[in-house]
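Feature list (source: TrEMBL):
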- HIS171, HIS192, HIS201: Cu cation A binding site (BINDING)
- HIS323, HIS327, HIS357: Cu cation B binding site (BINDING)
- 1-12: compositional bias 'Polar residues' (COMPBIAS)
- 192-209: domain 'Tyrosinase copper-binding' (DOMAIN)
- 350-361: domain 'Tyrosinase copper-binding' (DOMAIN)
- 1-50: region 'Disordered' (REGION)
Amino acid sequence: MASFQSSCTLLGTTAPKPRIPPSSAKPSHHLLPNARRSSRFHVSCSGGPAEEGKVDRRNMLLGLGGMYGAANLVSDTKLARADPLLPPEFTSCGISYVGDDPLDVNCCPPISDVIKDYKLPPVRQLRVRRAAHRLNRVNVAKYKRAVKMMRDLDVSDPTDPRGFSQQANIHCAYCNGAHDQVGHEGLDIQVHFSWIFFPFHRWYLYFYERIMADLLKDPTFALPYWNWDHPKGMQLPGIFDEEDSSLYDTNRNQDRRPPVVLNLALNSTVTDPAQIISNNLSLMYNEMIGTPASATDFMGKAYRDGDAPPTFPDGGTSEKGSHSAIHAWFGDPRNEYNEDIGNFYSAGRDPAFYSHHANVDRMWTIWNDIPADYPKAITDPDYLNASFLFYDEKKQLVRVKAADCFNHKKMGYDYENVDIPWLRSKPPKKAAAANIQDLSKGVKTAEKLFPLKLKKTTRVLVPKPTVGKADEVLVLENIVTDNRKLIKFDVFVNDEDDKPEEVDRAEYAGGFTQLPHRVKAKNSKSDLRLNLKQLYENINIADDDSVVVTIVPLINGEVVTIGGIKIVEAPSA
């Protein structure tokens, strides 16, 4: 998914982010289907009393203990600079504008004078998160009651941080430019498309789940997960499709209500359920096993204090793949920006979002247990020390860090043990290599095609640094996209069969998915990098010095321009 990176400053000015007094804050509201929409986004975010004054970032790190302790401030220059991403200052939440007319949404959290460092409580009994489609009636009723209690808080006290709207606003504020990085005014915090994606969302769900358990007075309550990686879970779970339920959201794609099969490839030309499921399982295998060649391939690239907000291609394979596909598939096309789940700022308004992300979190636990020929632990202190702010179930504002969420069982929960069919869904290896001489007839080189406006399927002959099988990366450079549009295109290598609707084949290299989102500028520019080592094995590549790359636009390709394409040697570990 592409990032909503608007910094809370007035478009076209360099003025500081405006503050709004708490009394003027309004709770965010649901969009109505077919409502008249404006062309300008306005995220209004409340400010308030300071959190006991601003804290010097070095003193703050020294005072946090654990990974923040003075023992870590050694002679290493990176440590001495104290580069991990810091939690935002809630008092600095402000307004962002894009376009001409405002959409009045309050994303910002209530202000607290006290911030405590969070310590995981002792685990007396693991909460077991179960697949949503397997829940019994008792657990379904309990889940509905918990969400209703959170919705009731929206009415009785709209500023209660445990309320449903306030919880939804967490995602909006952290993802849509409402928070600046501490000490970097105008530079947004973005919790997608980097190595903090999984830790942030794990903590987010952790407190969301504990709030529901506390409201229910049931410490065993666990958030169900949407088992979309299994054929039996590849549709919207029925518990979210009951119109009189607290779990229902009107702002979903009405053409994709159950029993319509989820299409992770987002290819509307595929209608055969068996092919869709085969595609889904193969995509899951690729993003979890076949494509990643390093921990950051799966987790996302490094993101440190002072870095520009990351963009879609910087994310890990799971985030860019199944995670983004769910958001795109169920977003409501009747709304201009595919609200609710189809846009970061509104995704948390759909109860299904939390079960979706529970399965995303489950993917992290599964990936950690899958053997690989690369180390999976990221030991960079800037990753370990990245920190965030959340309200806990007692309405206390707490500071948490990434390093404390790596062991989900120490956080008090686990996932039920179910079959994982995509572990057995590796694309079949081709018996013979493609004949590059025949395949490349009439195919132009990059110099003659790029920059490319992606209006139609395009084939291009791309030279390789090394003949035959090698550890290489395909790079699509300077991809310019319209941020307001849902975008999807796929990439194949040496595809003789020319069947873009089948991504369960060896020739499929990967894809690009962007959700419509809100940033300062109309367009974004990024690079897409696709690992080729495993693909070369799968297609049984011959001793060729070039390949034919096929780029297939699926959604809004006409608003995409690709500046260039090349194959480079993979970076050394």
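For all residues, glycine too, the Cβ spot is worked out from N, Cα and C.
Sorting the domain 'Tyrosinase copper-binding' (350-361) by DSSP state (H, G, I as helix; E, B as strand; all else coil) yields 10 helix, 0 strand, 2 coil. Candidate binding-site residues: HIS192, HIS323, HIS327. Fewest other C-beta atoms within 10 angstroms, HIS327.
Cβ neighbours within 10 Å of HIS171 (Cu cation A binding site), excluding its own Cβ and spanning all shown chains: 24.
Recorded residues HIS171 (Cu cation A binding site) and HIS357 (Cu cation B binding site) have their alpha carbons 12 Å apart, per Cα-Cα distance. Note on the domain 'Tyrosinase copper-binding' (350-361): its mean pLDDT in the predicted model is 98. Secondary structure of the domain 'Tyrosinase copper-binding' (192-209) per DSSP (helix as H, G, I; strand as E, B; remaining residues coil): 13 helix, 0 strand, 5 coil. For the pair HIS201 (Cu cation A binding site) and HIS357 (Cu cation B binding site), the C-alpha distance works out to 7 angstrom. Neighbours of the Cu cation A site: apart from HIS171, HIS192, HIS201, residues of the same chain with C-beta atoms within 8 angstroms of the site's C-beta centroid are TYR174, CYS175, VAL191, PHE197, PHE200, TYR204, PHE344, ALA347, HIS357. Across the structure, HIS323 (Cu cation B binding site) and HIS192 (Cu cation A binding site) are spaced 11 Å apart at their Cα atoms. Sequence-distant neighbours of HIS357 (Cu cation B binding site): residues of the same chain at least 6 apart with a C-beta under 8 Å from its C-beta are HIS201, TYR204, LEU205. Between HIS327 (Cu cation B binding site) and HIS192 (Cu cation A binding site), the C-alpha separation comes to 13 Å.
All chains included, 23 other C-beta atoms sit within 10 angstroms of the C-beta of HIS201 (Cu cation A binding site).
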